[in-house]
Amino acid sequence: MNKCGSYHHGNLRNALIVAAAELIEERGSPDFAISEAAKVVGVSPAAPYRHFKDKEALLAAVADLYFMGLAEATQATREAFPTGSRESILALGNTYLSYVSQRPEFYNLIWNEGGHGPLNGSEAERRPGFYNFVGAVEAWCQHNAITDSDPLELSVKLWAMAHGLSVLNINGQLALFLPETDVATLLSSSANTFLDGVEGKA
């Protein structure tokens, strides 16, 4: 996450979001008071409430920042590989794996607490990183004349692989059972096996 710079008038909301992200990084969890974010920025304890009705609203904004970073990372990866290539899909999976694994302190906030209940349609659209992945899978299907598989369904299955391995990597389970295994190599191998099966059906 971006480091919190000096507070400039008119940018308090963004400064508070970054400050909250920094506190989560430092403590390994979202266990902080909203007044502490205000102190990091250098404003009064009451100032955050001009922009956030409570801590939950501030954490929701931190989650948006997290997903924005993921979207930027996946977009950069997608642009680095030929459209419709399998390499694009594999690279996107490993980008996801790397992004999630390198930010374990945000895992509970984003994936467990989420703090905010089930996503509705409009909230799901605020996760553009996933749609970058769907676009790459759709392009791969078109390139390989695969018409009997739904790109969205394929994307969810591939996402499940990447997310599952990210979780096993974060909590140490992968190292416990496969200590010599490189998680990125394992993901690529699993995804290749899956995509081979999809191509075999076409």
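A Cβ is built for glycine as well, from the same backbone N, Cα and C atoms used for every other residue.
Under the heading domain 'HTH tetR-type', TrEMBL lists 10-70. Summarising model confidence by region, the domain 'HTH tetR-type' (10-70) averages a pLDDT of 94.
The DNA-binding region annotation in TrEMBL covers 33-52.
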The DNA-binding region (33-52), counted residue by residue under DSSP: helix, strand, coil: 12 helix, 0 strand, 8 coil
